Structure formats: structure tokens, C-alpha cells
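J.: First, the structure itself, so that you have it in front of you.
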Amino acid sequence: MRILLITLGLLGLVACSNQPTEQTTSDYAVAMPDKFGAQVAIDVLEQGGNAVDAAIAAQFTLAVTYPEAGNIGGGGFMTIYIDGQPDFLDYREMAPEAASRDMYLDEDGNVHPTDSLFGAKASGIPGTVAGMWEAHQKYGKLPWARLVQPAVTLAKDGFHVPPKLAGRVSRYIKRLRDNERDSNFEHYFGAATEADVLFTQPELAATLARIRDQGPDGFYKGDTADAIVAYMQKTNGLMTHDDLANYHAKWRTPLAFDWRGYKVVTAPPPSSGGIAVAQWLGMVDTVLKTNIMPAHNSAPYLHMVSEAGKRVFADRAEYLGDPDFFDVPQSELMQPAYIESRAKDINLTAISPTEGIAPGLHESEDTTHFSIVDKWGNAVSNTTTINLSFGAGVVAEGAGFLLNDEMDDFSAKPGVPNFFGAIGGEANAIEPYKRMLSSMTPTIVLEDDSVKLVTGSPGGTTIISSVTLSIFNTLLYGMTAEEAVNSPRFHHQLWPKDTIRVHDGFNKATLTALEAMGYTIDDRRFGDLHLILNENGKLSAASEKNGRGKAIVRNTQ
Ligand code: GLY
């Protein structure tokens with residue numbers, strides 16, 4: 001394998017799936033959640049497209065080949081570094097105009113268990129098509145139609161279903177049947193339950209062809225809009241023609257902060273992720289001023305990082321929401337002195353009482369990610385979602401795409417956790433045209449104005465941990481891209497009380513030591529990191545081996 005990779009490297013081409021990646025002299029790279037997205041994106045880069053072009057083509061491709069999370073029916077965030085300037089595109093879904101604060105409460109004031117998670121009423125107004133159009137208008141080099149066409153072809157002519165996708169579709173259909181859900185999912189995806197069969201999606205192909213030919217009007221107006229609204233009316237959904245026409249993606253100032261000589265460029269609100277990562281890195285640094293760095297993935301390391309995470313998530317619940325609707329105290333939450341003060345009562349030998357961790361300011365699964373670096377050194381870190389796997393579990397009939405269930409990311413009732421166990425209050429209450437708080441954290445780390453690291457992951461609230469730990473793994477512990485994405489990860493988010501969620505692969509003695517301290521270990525895998533790392537001018541890229549991702553690194557020579 002090593003000899004083959006070195007030989008390919010000399011030919012100027014190194015392809016790395018989720019196998020160990022060799023370091024090569026190379027200058028453009030993609031790390032994608034599947035091989036179709038990887039191929040389409042690298043082709044665009046090879047043909048003179050920039051990182052944003054490749055991101056647009058990949059986003060539409062994943063809407064066809066990665067239906068669990070790739071989408072045109074959802075939204076996302078794109079962190080961009082282009083021509084030496086950072087930028088950030090918010091194409092998060094918005095609540096329909098008819099949405100209201102108590103829309104998911106029953107007559108007793110209790111949150112309905114599935115209304116915000118399943119079916120048309122769970123769906124926010126999709127932002128993806130408007131987002132990709134905005135990105136193309138501002139930064140695109142290749143023609144729009146060239147970027148959308150690969151997705152049209154894959155939907156029309158079909159693709160061979162990867163075994164992992166067949167497994168996920170089969171399990172999802174079983175769950176729908178077991179729970180007697182009224183869904184058209186099996187009608188649309190029943191043929192994708194068998195690995196390696198050719199799977200075509202003619203309705204989706206027609207929708208993508210309208211987007212290719214008409215831009216956003218091919219989605220937010222005309223036949224596609226008519227199909228969405230007709231499906232809403234048939235199934236109790238809220239979205240109207242006006243909602244679709246009123247949707248807009250938004251350019252925002254990216255969150256940027258200094259950390260250990262690097263510049264971290266990441267997601268501002270309505271993501272909670274950027275502020276959370278800044279606080280997390282800052283609190284750990286505060287602790288390390290007076291303590292030595294614990295061994296990687298040892299019990300003291302998990303405890304120290306979890307204690308910081310507790311404080312991060314207390315602030316997230318209280319202060320973070322859509323900044324267009326709620327006055328997010330961003331600069332206060334990012335103040336080094338504030339972050340330092342939050343870390344000062346972290347006890348490295350005992351768990352601090354969960355109930356005692358209040359927000360600090362006044363006395364307070366499924367998503368997917370890809371990373372791209374082009375030959376000019378521009379980068380895109382893009383995380384996109386329809387919320388849970390296969391979103392709301394229903395397809396907009398006549399348009400062929402899965403609707404999102406992003407409304408569950410709002411706080412349906414103060415203090416009541418959403419699917420990811422995240423709680424919230426006023427900041428993230430439902431309001432018409434408001435964007436629901438997100439944990440998506442597409443991040444680019446710069447060193448001397450050059451891209452050092454492009455990182456991101458799916459996983460709801462665990463995204464924040466995956467991104468933070470990928471920064472620690474590469475830039476503190478010196479891991480390669482491959483080691484960093486496959487290193488066991490952990491997550492702590494204040495509630496449930498004293499619970500650390502872990503990936504498999506942890507040393508048993510570490511977990512026993514944490515249990516002895518009083519932690520409950522929740523052993524459930526999370527995330528799917530896709531990361532590009534620049535080591536002295538050489539790019540390495542890696543996708544986590546448990547997913548079906550693919551990373552490709554190429555040279556210009
Ligand atoms: N839907 C997951 C998130 O945006 O955080």
C-alpha cells in the first residue's frame with residue numbers, strides 16, 4: 001500500500017479513502033462524506049474551479065447520494081477563506097411565518113414528542129439552494145449549470161447504492177414501520193435498501209434540472225414551490241408560497257479569534273458552535289496555565305475538558321439564538337477575561353455539581369460536513385443538515401427531496417430538552433422567520449494567513465466537541481489528519497448530569513477511573529469528521545473510517 005501510494009504521489013496524484021493517508025507534496029484536497037461528493041468536487045478543482053465552486057457542486061451531489069443529510073431541503077453554514085479574506089454564509093432554515101412559540105405544545109402545555117421531528121410540520125423553510133446561489137454570485141468561477149449538472153446526472157441516471165447507505169435506509173424504514181409513521185419515505189427510498197443496485201431519483205432529477213436552469217427561482221418559485229406547498233397543505237405543514245419567496249441566505253461576519261498563535265475562523269450565531277469552541281479552547285488554556293497537560297484521552301484529560309464543556313453548554317442554553325431576533329452578547333461571551341473567570345473554579349479531581357453551573361454573564365444526528373482546499377490556498381468548510389437522519393422522514397411529493405425537521409432545534413418550551421438533549425429559553429424560542437439555534441461549526445484555522453486546518457463534523461450538539469477535539473488532536477497533540485479523525489472522542493454538555501458520551505476505542509482503565517469519580521459513561525459513537533491539515537506546505541486529508549467518506553489529495557504538477 002505504502003509503495004503504491006508513493007508511486008501515485010510521484011505521478012502527482014494521491015487518492016486516499018478512509019485508509020491511512022500518506023503525506024505528499026500536494027496542493028489541493030477534499031475530505032467528503034462520500035465518494036461521489038469527493039469525485040465531483042475534485043473534478044471541479046481540477047477543471048479550474050475554486051473551493052467555493054467545488055463546495056457548490058458537492059452540496060448538490062450529496063443531496064442525491066447522501067440523503068441522510070445531504071440536501072436541497074435543509075440548510076447549513078459555509079465558512080470561507082478566499083483571496084486571504086475570511087467570510088461566512090448563513091443558509092440556515094427559517095421558521096415559516098405561521099410558526100409560533102407554543103406550536104409544539106399540547107393542551108396540557110407538554111411538548112409533543114414527535115411533531116417537531118417528523119412530518120411536514122417539523123420543517124423550516126429550506127435555505128440550501130439560496131445559499132449555494134449566493135456563494136456562486138459572490139465567489140463562483142465556473143458556470144452555475146456546470147456545478148449543478150453532476151447532481152442532475154446522478155439523480156437521473158442513478159448511482160450504485162453504497163452498502164452503508166443501504167443499511168441506513170433499511171433501518172430507517174423498519175423504524176418508520178415499527179412506529180406506524182405515515183410517511184412516503186419507503187415509496188421514494190425502498191429501492192435503495194439493497195447494496196450496489198442502481199438507484200435513480202427522477203423527481204429529484206427534474207427539480208435539480210430546474211435549479212440548474214433557473215437558479216433559485218427553480219426552487220423557491222414555479223413547479224418546485226407548487227409541489228412543496230401542495231404537500232404542506234396535504235399533510236398539515238405550515239410553509240406557504242410567501243415563505244419560500246421570502247427566504248434569504250445571509251452573509252455574516254465570521255467569528256475569528258486568536259489561539260496559541262493561530263487565527264481560528266468559525267461560525268457566528270445563529271450557530272452556537274463558534275462561541276462554544278472559543279470558550280472551550282480558552283477555558284482549557286486557562287486550566288493549563290497552572291497545570292500540566294494531561295496525557296491524551298486519559299481520565300484526567302476527559303474530566304478537564306468535560307468540566308469546561310459544562311460551562312460552555314450552560315452559556316449556550318441561556319444566551320445563544322438567532323442574532324436577528326435576540327441580542328446575543330457575543331463580545332462578552334468571547335472576552336478572554338470572562339472565559340478565564342469561567343474556568344477558575346474547575347476542580348481537576350472532582351466533578352463540579354451540575355446544578356451549580358449557571359450561565360456566567362450575569363450573576364448565566366444527522367448532519368454532514370465537507371472540507372476543501374483549492375490550488376490557490378482558498379478553503380471552504382461547509383456543514384449542512386436536514387437535522388436527524390433523513391430529516392422529517394417525508395419527501396415533498398412531486399419535487400423528490402426530503403424535508404428537514406430543523407424546527408426541533410428551537411426550544412419548544414424553556415428547560416425541555418430537544419432531541420440532542422439541548423435546553424434553551426427566550427433566546428431560541430420559536431418566532432416567524434427566525435433561524436433556529438445550531439451547533440454546526442465549520443471551522444478554518446489560519447497560521448500566518450495560510451490555511452492550517454479545515455475541520456467540521458455532523459452530530460448535533462456533539463459537533464462542538466468533535467471540532468474542539470480535532471483542533472486539540474492536530475494542533476496540541478501533533479496528530480496527522482488520519483490519526484485525528486479516528487482518535488476516540490468524548491462529549492459532555494452539562495445535562496444529562498455528569499454524563500460523558502464516548503466513542504468506542506477508549507482504554508477500559510480510563511473509563512473505570514471516570515466512573516470512580518462519579519461520571520456515567522454513555523457509549524454511543526458520534527460525528528463524522530472530514531479534515532484537511534497543512535503540514536509545512538503539504539496537505540493531508542482524512543475522512544473518519546467509520547463513515548463512508550473519502551478524502552483526496554492532489555498535486556498541481
Ligand atoms: N441540526 C443540528 C444543528 O444544526 O445543530
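Cβ coordinates are placed from backbone N, Cα and C, and glycine is handled just like the others.
A quick note: this is a predicted structure, and the numbers were derived from the prediction, not measured.
Below are the features listed in TrEMBL for this protein:
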type: ACT_SITE; residues: Thr367; note: active site, nucleophile
type: BINDING; residues: Arg92, Thr385, Ile386, Asn387, Asp409, Ser438, Ser439, Gly460; note: L-glutamate binding site
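Any idea what these are sitting next to in the structure?
T.: In the three-state DSSP classification, Thr367 (active site, nucleophile) falls within a strand.
Asn387 (L-glutamate binding site) is surrounded by 33 other CB atoms, counting those within 10 A of its CB over all protein chains shown.
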J.: Under 6 Å from ligand 1 by C-beta, which of these recorded positions make it: Thr367, Thr385, Ile386, Gly460? Sequence order, please.
T.: Thr367, Thr385, Gly460
J.: Once Arg92, Thr385, Ile386, Asn387, Asp409, Ser438, Ser439, Gly460 are set aside, which residues in the chain still have Cβ within 8 Å of the Cβ centroid of the L-glutamate site?
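T.: Along the chain, the qualifying residues are Gly74, Gly75, Thr367, Glu406, Met436, Met440.
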J.: So, in DSSP terms, is Ser438 (L-glutamate binding site) helix, strand, or coil?
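T.: Once the DSSP labels are grouped into three classes, Ser438 (L-glutamate binding site) ends up as strand.
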J.: Work out how many Å separate Thr385 (L-glutamate binding site) and Thr367 (active site, nucleophile) at their Cα atoms, rounded off.
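T.: Between the alpha carbons of Thr385 (L-glutamate binding site) and Thr367 (active site, nucleophile) there are 4 Å.
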J.: Out of Ile386, Ser439, Gly460, which of the binding-site residues has the smallest number of neighbouring Cβ atoms within 10 Å?
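T.: Result for the binding-site residues Ile386, Ser439, Gly460: minimum number of other Cβ atoms within 10 Å at Gly460.
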